[in-house]
């Protein structure tokens with residue numbers, strides 16, 4: 001017999017099933033929340049920054065943060081950082097923004113109502129700060145108490161006798177007690193004067209030496225130190241010396257380490273100085289604080305008037321890059337001096353790298369007075385002007401660049417440094433054509449000389465004029481991205497019949513030529529698949545582009561044996577992990 005289910009019973013069963021599903025989902029969510037709170041410390045160590053920030057906030061809010069590191073962070077919020085003498089001391093914990101910055105921001109908020117009471121510096125993820133919070137932080141960081149501390153130094157009264165004061169300062173036993181050992185002073189770019197005049201001295205024969213705030217009175221010092229002080233005729237403690245410091249006394253790296261959240265540590269400290277411009281390449285985690293970083297650098301570096309940050313990669317036919325202004329005036333027309341040579345150009349128009357200064361000096365040491373230097377990638381002409389301007393070099397310059405503005409800056413800088421007569425050739429065009437044309441011109445000169453009549457020398461013998469073909473003495477190809485590809489243009493240059501090395505001029509009758517020394521720059525990485533280091537990779541790259549027929553081993557063997565052309569590799573700089581710029585020199 002079949003039981004008939006009524007409509008009400010059917011609807012009741014459906015409601016019961018739905019309620020069971022909702023109850024199961026709620027229990028699952030509660031279990032996930034409990035697991036999230038319990039696993040917060042573990043996730044905080046291993047998760048990416050965005051996930052880590054979420055779990056840390058949940059842990060702080062719930063109180064279930066069991067990790068020792070984060071428990072210390074919670075317990076230190078709002079605590080005082082003063083010693084027994086009520087002397088404010090800097091906080092040097094691995095968590096530099098945990099308690100000191102928090103309590104300081106509360107004091108700062110009372111004076112600046114626009115600043116939120118909860119310190120914006122406590123946020124682990126800067127991307128979650130509002131625009132108002134970031135603007136307030138940039139506006140009020142100079143008033144932060146952590147950057148304007150008052151330190152009260154103790155002192156000793158020292159008699160002025162001979163070299164007594166210098167002996168105390170140099171004593172290894174007494175140096176730990178001097179004010180110069182204070183941790184805060186290690187973060188300053190100004191030197192504190194620890195020897196002061198003693199105004200209470202009756203006869204003016206005594207001075208004060210400032211001591212570390214934690215230095216105990218004379219009677220509490222170790223016996224050997226007391227005896228040493230008696231030998232130096234130090235018998236009494238001097239007055240305490242309250243000293244006020246401001247943010248202007250500290251280095252930019254210290255200021256940023258105190259202001260930036262832990263999540264974006266370490267703070268950016270490396271930048272390139274180009275005239276009045278500080279050029280940064282900020283990481284993604286520093287991007288939300290870019291204006292704060294720019295203001296700090298502008299305030300702490302006296303010669304800097306503009307702070308810019310590179311946006312994107314170096315690209316385009318002229319190897320330029322976009323940048324954004326972080327602080328200061330919007331002016332990228334810079335003036336700088338290198339080894340007495342004045343350079344002026346606009347960073348927005350040309351490529352410039354101050355880190356190549358040492359490499360330019362190395363090249364200059366290889367130049368001889370009166371030589372001809374060819375630079376197919378001259379840029380604004382720093383190397384060209386140095387070679388032409390320095391009295392001990394006085395070289396003749398053949399220069400070329402693809403960027404018309406770079407060529408114009410070189411022409412103006414040559415006129416500014418009074419070496420325009422040394423710039424014999426200056427053109428704007430393709431570097432391959434520039435190199436190839438020099439070789440073709442020498443072939444034409446050789447053909448012209450071969451048609452001339454023989455002349456008689458002083459011995460009465462008929463000879464053909466053998467004036468060397470005038471190729472440059474040095475060719476500098478500083479364009480690491482593609483310079484080796486232009487080596488094929490050298491195949492248009494005359495090759496001397498003799499391959500013996502040891503002289504820049506190789507004789508061979510009509511074909512006598514001056515053999516240039518080529519300096520070609522390239523990027524290189526080690527190749528573990530072929531067991532070659534970066535230098536071997538660079539040598540093979542140069543050989544393969546100079547003699548493209550055959551494999552690289554064949555090319556290298558042909559250059560070494562047939563042409564007696566040994567490539568010497570010099571490291572220039574690191575540009576990325578495992579990636580370097582190398583300079584290959586050969587004749």
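Going from the start of the chain as shown, residues are counted 1 onward.
For all residues, glycine too, the Cβ spot is worked out from N, Cα and C.
Copied over from Swiss-Prot:
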type	residues	note
BINDING	360, 430, 431, 478	S-adenosyl-L-methionine binding site
REGION	446-469	region 'Disordered'
COMPBIAS	450-461	compositional bias 'Basic and acidic residues'
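Of all residue pairs in 360, 430, 431, 478, the annotated binders of S-adenosyl-L-methionine, the farthest apart have Cα atoms separated by 23 Å. Under DSSP, residue 360 (S-adenosyl-L-methionine binding site) is assigned to a helix (H, G or I) in the three-state scheme. Residue 431 (S-adenosyl-L-methionine binding site) falls within a helix when secondary structure is assigned with DSSP.
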